[in-house]
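As annotated by Swiss-Prot, chlorophyll a ChlzD2 binding site applies to His118. Per Swiss-Prot, the feature chlorophyll a PD2 binding site maps to His198; the stated evidence is sequence analysis. Marked as Fe cation binding site by Swiss-Prot on the basis of sequence analysis: His215, His269. Residues or ranges marked as plastoquinone binding site by Swiss-Prot: His215, Phe262. Marked as transmembrane segment by Swiss-Prot: 41-61, 125-141, 153-166, 208-228, 279-295.
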Amino acid sequence: MTIALGRFTKEENDLFDIMDDWLRRDRFVFVGWSGLLLFPCAYFALGGWFTGTTFVTSWYTHGLASSYLEGCNFLTAAVSTPANSLAHSLLLLWGPEAQGDFTRWCQLGGLWTFVALHGAFALIGFMLRQFELARSVQLRPYNAIAFSGPIAVFVSVFLIYPLGQSGWFFAPSFGVAAIFRFILFFQGFHNWTLNPFHMMGVAGVLGAALLCAIHGATVENTLFEDGDGANTFRAFNPTQAEETYSMVTANRFWSQIFGVAFSNKRWLHFFMLFVPVTGLWMSALGVVGLALNLRAYDFVSQEIRAAEDPEFETFYTKNILLNEGIRAWMAAQDQPHENLIFPEEVLPRGNAL
């Protein structure tokens, strides 16, 4: 009797292997399995945004002009959110609101949900692309982990916040001036600048910018001479064995400046990763809190004293009055369907007026 020992082999024409070979082939633009999610979603999100900013009005949802066709420019055009009355409807083209009518779908704000959802999945696909490529070339996955910060901010601001409110109407519209309006809304209705999570986010983003500037300048300052003056772009190559700059010199310099300095490149670069990503995640957590209408810091004692004493005012109490003004003016303008009317005497006035 003959016993054959060997490994079971798949059919040569296995569909998965064929797809895997084609998707992960070495080409100018890597596709990969993540590309099946990234490329279609990014295409539809960008295409929807360009279509909306070029042709689609916001008259039916916000009472505004928002397209190039109506006279807007790059800074004022936007794909605006659906009307407040549509709540959290996905606004599918074939749904009960538009009933397959593309023009009606655009008028109702269907492009916003289209761009928001495809944009979110495109960002997730881009993160998966970094995971996939890192695994293919045997890198650690910190690029993908870092990109989770922008994804967290996008999802919290554009999806989770309006889900916690009465509808998509209260999310930001996709446009430059529209985002600015949303920032003013956040300040007026949530006192966002006094929120500790916003403070951590600002510290993370600006701290990362500072670290990046310091790091780049320090490396440029400590380049080894190579016979070509200060320019090392032609003298050094990617596979060189020696270092391009002197970490020891950089350490001595900053030790004299601050009294402390990074002595380890790994800790230095991890810190440059940790600061901005943590800041973005903290901001995202703060926005999730705002979705639930959690309040920022309140210094009630100062408000009470300012109300009782006309001569007492702080920057905090002035900002609270400013927030009241934002709410009074923005609510009437931004939610015309509510028919809000504020008489002159109820609009906030500071003690100095």
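Backbone N, Cα and C atoms are what each Cβ position is placed from, and that goes for glycine too.
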Whole-Å Cα distance, His198 (chlorophyll a PD2 binding site) to His118 (chlorophyll a ChlzD2 binding site), is 27
Alpha-carbon distance [His118 (chlorophyll a ChlzD2 binding site); His215 (Fe cation binding site)] in Å:
36
Using Cβ atoms and a strict cutoff of less than 8 Å, what residues sit near the transmembrane segment (153-166) while being 6 or more residues removed from its termini?
81, 84, 87-88, 116, 119-120, 123, 172, 280, 283-285, 287-288, 290-293
As a test of the contact definition, list every same-chain residue at least 6 positions from the residue listed as 'chlorophyll a ChlzD2 binding site' whose Cβ is closer than 8 Å to its Cβ.
Cys41, Ala42, Phe44, Ala45, Gly48
When you scan the chain for residues with a C-beta under 8 Å from the transmembrane segment (41-61), skipping those not six or more beyond its ends, what do you find?
67-70, 72, 77-83, 106-109, 111-112, 114-115, 118-119, 121-122, 125-126, 169, 173-175
With the cut-off set at 10 Å between Cβ atoms, which of these binding-site residues ends up with the most neighbours? Options: His198, His215, Phe262, His269.
His198
Could you round the CA separation between His269 (Fe cation binding site) and Phe262 (plastoquinone binding site) to a whole angstrom and send it over?
10
